[in-house]
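J.: First the structure, then my questions, so here it is.
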Amino acid sequence: MAQTHTKQCQMDHNYKLEKKYLEMKRLVLEKTEELKRRDKIIALLEHEIDEKDGTIRYLKNEIDKFRQVVKPLTRQLIDNRRNGLESEEDCFVMKTPGIENTRVYHVGEPRLKRTAISAEPLSSLAQGYEMKLVKIPKIQKSRELIKSAILDNDFMKNLEMTQIREIVDCMYPVEYAAGSLIIKEGDVGSIVYVMEEGRVEVSRENKYLSTMAPGKVFGELAILYNCKRTATIKAATDCRLWAIERQCFQTIMMRTGLIRQAEYTDFLKSVPIFKDLPEDTLIKISDVLEETHYQNGDYIIRQGARGDTFFIISKGQVKVTQKPPNSNDEKFIRTLTKGDFFGEKALQG
Ligand SMILES: Nc1ncnc2c1ncn2[C@@H]1O[C@@H]2COP(=O)(O)O[C@H]2[C@H]1O
């Protein structure tokens with residue numbers, strides 16, 4: 001009897017132990033699964049951090065590039081001020097012809113005041129820059145690569161599509177062996193490159209800045225801003241690049257500028273108040289005209305705001321309204337159409 005009782009106790013004990021063991025096993029499995037889930041989250045977060053680090057590095061380099069071009073321009077501005085040139089626009093002359101005409105305002109984009117104006121009319125700049133453009137045949141894949149590299153570059157993405165197409169047409173292939181020097185910091189630059197194959201390393205004063213892979217533009221700053229090469233670029237592997245010479249690049253900029261100048265001059269001739277002005281005055285006015293787009297319902301000028309822009313309508317209609325004092329209701333005054341102008345008080349200073 002006592003033996004049976006002991007056996008029963010032993011069985012109960014074993015049963016409890018087994019139950020506990022199974023419970024522990026379940027817990028271990030649960031925790032292992034939990035750990036795996038957490039490891040996955042950690043891996044995801046680490047990947048996100050890596051990506052963000054990459055973006056930060058990229059943005060730091062973009063800021064660095066902007067600094068490189070702003071520095072000499074600011075220095076020039078300060079020097080000119082010291083030398084007695086008062087007006088900001090008199091001092092701030094970008095020497096690259098046509099560049100100032102490459103900005104395209106997209107619908108809905110807030111309008112910015114032009115900050116860099118060449119003092120010389122386009123027509124005089126054209127002389128000496130115009131050259132015959134030679135088109136280099138290339139496969140569609142390379143054409144796409146060059147185009148998307150330009151559109152990916154903050155300094156070139158605002159070029160017009162016709163200009164981008166011509167740059168794509170004119171780029172010619174060049175090759176550099178691993179280790180060779182492509183651009184030397186401080187040199188006078190004459191070529192803009194697009195990477196097709198390989199990797200290049202960018203450095204300044206022997207300090208590493210970044211590595212560039214296919215689909216990137218480099219060497220654009222010296223050509224766009226007429227400054228010395230802002231960094232050194234070496235081929236980290238064998239590289240296949242596309243290149244375009246400064247003169248060819250400027251001819252493309254110039255051509256579009258001149259075509260636009262002719263279009264604007266023609267437009268001004270169709271506006272009654274301008275039509276009797278001499279041709280050279282019309283050309284000067286067309287050099288400083290900027291095309292701006294507004295969507296239906298957008299306000300162009302607000303009553304009471306300080307005006308600094310004179311507008312001529314080239315397409316569409318503009319409604320003029322006025323709020324009488326002590327009233328919130330806008331009273332319709334008139335509708336203006338093509339050739340009409342407004343904001344003329346801005347011209348009187
Ligand atoms: N911080 C940077 N990161 C990446 N590229 C740069 C940086 N600074 C300059 N560059 C590129 O290096 C090129 C050197 O010649 P450029 O100054 O003509 O144009 C420059 C840019 O294309």
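Using N, Cα and C of the backbone, Cβ positions are placed for all residues, glycine too.
Remember, TrEMBL labels are computer predictions, not curated facts.
What TrEMBL records for this protein is below:
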DOMAIN    155-270  domain 'Cyclic nucleotide-binding'
BINDING   Glu220, Arg229  3',5'-cyclic AMP 1 binding site
DOMAIN    273-349  domain 'Cyclic nucleotide-binding'
BINDING   Glu344  3',5'-cyclic AMP 2 binding site
J.: Mind checking how the domain 'Cyclic nucleotide-binding' (155-270) divides into helix, strand and coil residues in DSSP?
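T.: Looking at the domain 'Cyclic nucleotide-binding' (155-270) with DSSP, the answer is 40 helix, 41 strand, 35 coil.
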J.: Out of Glu220, Glu344, which has the highest number of nearby Cβ atoms, where nearby means within 10 Å of its Cβ, if these are the binding-site residues?
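T.: For the binding-site residues Glu220, Glu344, the Cβ with the most other Cβ atoms within 10 Å is Glu220.
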J.: Checking proximity to ligand 1 here: which binding-site residues out of Glu220, Arg229, Glu344 have their Cβ closer than 6 Å to it?
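T.: With ligand 1 as the reference and 6 Å as the Cβ limit, the list reads Glu220, Arg229.
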J.: Please report the three-state DSSP label of Glu344 (3',5'-cyclic AMP 2 binding site).
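T.: Looking at the DSSP assignment, Glu344 (3',5'-cyclic AMP 2 binding site) belongs to a helix.
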J.: Report the same-chain neighbours of Arg229 (3',5'-cyclic AMP 1 binding site): residues 6+ apart in sequence with Cβ closer than 8 Å to its Cβ, ordered by sequence.
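T.: In sequence order, Ile183, Lys184, Glu185, Gly186, Asp187, Val188, Gly189, Gly219, Leu221, Ala222 meet the Cβ cut-off.
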J.: Tally of helix, strand and coil residues over the domain 'Cyclic nucleotide-binding' (273-349) according to DSSP?
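T.: Looking at the domain 'Cyclic nucleotide-binding' (273-349) with DSSP, the answer is 15 helix, 15 strand, 47 coil.
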